[in-house]
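Asks: What follows is a structure written as structure tokens; I'll ask about it next.
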Amino acid sequence: MSNAQSLDIPEVLKEDDRPKWDNKFQYILSCVGFAVGLGNVWRFPYLCQIYGGGAFLIPYVIALIFEGIPLFHLELAIGQRLRKGSIGVWNTISPYLGGVGIGSLMVSFIVSLYYNTILAWVMWYFINSFQEPLPWSACPLNGNRTGYIEECHESTAVNYFWYRRALNIASDITDSGNLQWWLVLCLAICWAIVYLCTIRGIESTGKAIYVTAIFPYLVLTIFLIRGLTLPGATEGLVYFFTPNMNILKNPRVWLDAATQIFFSLSLAFGGLIAFSSYNSPKNDCEKDAVTIAIVNSMTSLYASIPVFSILGFKATTRYWDCLDRNIIGIINEFDLPDQSIMRDNYTIWFGLLNTTHPKKIASLKLRSCDLQEFLDASGTGLAFIVFTEAIILMPGSQGWAVLFFVMLFSLGLSSMFGNIEGILTPLLELHVVSKSVPKEVLSGVICLVSFVTALCFTLRSGSYWLEVFDSYAGSLPLLIIAFFEVTGVVYVYGIKRFSDDVKWMTGRQPNFYWQVSWRIISPLLMLTVFIAFVTLQTQKQPSYGAWNPKYEEKDYPAWILAICVLLVVLPCIFIPMVAFYHLIKRPYENTSNGTSGN
């Protein structure tokens, strides 16, 4: 009898020594903390902003309903039913699917490396937030104190602090440089904190999650209240929410919506399967999946309001400053009375004078004042450049900076718990470590190896490498792994058997929505996203933005493109390798069984 067939009759697997959550709330918080991460604060608002504001919510909600929630439910249900981590689950369903679990383990490990490096950056900013004034508020003086440092003067104080003082970035990805000691120190502290919080698996993370999962919501609420009271906040929110329905004709919008849902829910990492395996077998995993997925998406929307309120304030302040400089230049050049040109009539005056005196206006070299320019930002640029610049303009900037970076650290730390669980549980199931080795030692080894490996991100070229890892290791492999997860459950484990298991756990049969999503819509949607993603990637030469001290777009060298391919292939290669291994092994097992029978 096969492993899958032996699971026809639902029964509680006898694993009395398996840890359990202290309570249901602790489990929900852990899943929310794992799913809700840095991307909810800095990527979702950016996607809404560039893709027509409220219009982006249409493909986002469609992707949530037909891709995100069904896959989320599937991972929670299969982990809870089989009470194993990612490797144990897929080996139990079929030995041929064992590579899916190893792929999840590899992705969790690789993503943990650069994700915790981002937390090291956050910690460096947090430490510097106690200075008065904030060190990114003004350019430092040059050596002879006769002016500002040239690199800073050519850029901005915020850019200079980020690229030179924090990263000390190289001008090219091939120029590795030395380890930056302050980043090494912050990285070591971050891994030490992760170790202390995960030292005994869910027994320790379950306690820490009460702080790391709840605190960000408190800070977001404080920023929401403060942001809505700032001048320009309304303009930011109007700009953010005003829908542009024409943008929905762009296929890239639908691709990014599907991708954002997929990654924001932390699907295919193995952490959700591990978390749900510590549940009571009779837990209502369907309700949990819907609740956590909706909380995650609502958090993205909730975070967007304070983010764009504050960015609206920053954009408006910079926009006014830009207009005021132009107005002073025009008044002085044309010898006009003071206050003859105001912000509200600047456009009229500019149009009139540009028509009558075009050469004079051209000689003034007036700045282009564009609100869009001040609102465009994503990823690390939003957190470490745009938002820090906005904080400078807020009264009591020190306090707001401290709050902001503590919030980011809490968001990232709670996501790290799930990543580490996605490494720790499968390692125990692989039996590569003796059961006599305490969890404290194994967790310590994982964190130490991860810290040493992640030192490459503290080099002068480290941020370029982080972008490479994020773009390739944290994208396509997850899509491929999730595709094999859903097809493995539906067509190998069997959709009828799985539906019976869900009924046994929740007390109700999965309805038509779940059935059609698992069988058809979710696999097709993932396949479409995968094809579209690969097509868009192959249409242009992969490049990166270098700093020198202005942005400069550079193409990746051939050997780095090879590493990009390796990062995609490495986690996925285990899926066919393990299947092929068992395929080759099977005839020998049959021969051996036949011989022993004689």
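Placement of Cβ uses the backbone N, Cα and C atoms for every residue, glycine included.
Curation plays no part in TrEMBL annotations; they are all automatic predictions.
Annotations for this protein, taken from TrEMBL, read as follows:
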type	residues	note
TRANSMEM	27-44	transmembrane segment
BINDING	G33, A35, V36, N40, S264, N296, L411, S415	Na(+) binding site
TRANSMEM	50-74	transmembrane segment
TRANSMEM	95-127	transmembrane segment
TRANSMEM	179-197	transmembrane segment
TRANSMEM	209-233	transmembrane segment
TRANSMEM	253-275	transmembrane segment
TRANSMEM	374-394	transmembrane segment
TRANSMEM	400-420	transmembrane segment
TRANSMEM	441-460	transmembrane segment
TRANSMEM	472-495	transmembrane segment
TRANSMEM	516-536	transmembrane segment
TRANSMEM	556-584	transmembrane segment
Asks: For the transmembrane segment (253-275), name the stretch out of 27-44, 50-74, 95-127, 441-460 with the most CB-CB pairs under 8 Å.
Replies: 50-74
Asks: Same-chain Cβ contacts of the transmembrane segment (441-460) under 8 Å, 6 or more residues past its ends?
Replies: 109, 112-114, 116-117, 120, 167-170, 175-180, 183-184, 187-188, 191-192, 194-195, 198-201, 420, 423-424, 427-428, 433, 466
Asks: Neighbours of the Na(+) site G33, A35, V36, N40, S264, N296, L411, S415: Cβ within 8 Å of the Cβ centroid, same chain, sequence order.
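Replies: Leaving out the recorded residues gives V32, F34, G37, G39, S266, T299, S414.
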Asks: If H, G and I count as helix, E and B as strand, and all else as coil, what does DSSP give for L411 (Na(+) binding site)?
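Replies: Note: L411 (Na(+) binding site) is helical by DSSP.
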Asks: What parts of the chain pack near the transmembrane segment (209-233), using Cβ distances under 8 Å and only residues at least 6 beyond its ends?
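Replies: Cβ under 8 Å, 6 or more out: 26, 29-30, 32-33, 36, 197, 299, 302-303, 305-307, 309-310, 312-317, 394, 400, 403-404, 406-407, 410-411, 413-414, 417.
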Asks: Near the Cβ of S264 (Na(+) binding site), how many other Cβ atoms are there if near means within 10 Å?
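Replies: That number is 23.
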Asks: For the transmembrane segment (516-536), find every same-chain residue at least 6 residues outside the stretch whose CB is under 8 Å from a CB in it, and list them.
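Replies: Same-chain residues near the transmembrane segment (516-536) but 6 or more away: 63, 66-67, 69-71, 74, 251-252, 255, 258-259, 262, 475-476, 479-480, 482-483, 486-487, 489-490, 495, 498, 510.
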Asks: Within 10 angstroms of the C-beta of G33 (Na(+) binding site), what count of other C-beta atoms is obtained when all protein chains are considered?
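Replies: The Cβ of G33 (Na(+) binding site) has 28 Cβ neighbours within 10 Å.
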Asks: Let me know the DSSP-derived helix, strand or coil state of N296 (Na(+) binding site), please.
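Replies: N296 (Na(+) binding site) sits in a helix per DSSP.
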Asks: When you look at the transmembrane segment (472-495) alongside the transmembrane segment (27-44), do they share 3+ Cβ pairs under 8 Å, ignoring any pair fewer than 6 residues apart in sequence?
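Replies: Between the transmembrane segment (27-44) and the transmembrane segment (472-495), contact is absent.
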Asks: So which of 95-127, 179-197, 400-420 has the most C-beta pairs under 8 Å when paired with the transmembrane segment (472-495)?
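Replies: Stretch with maximum Cβ contacts: 95-127.
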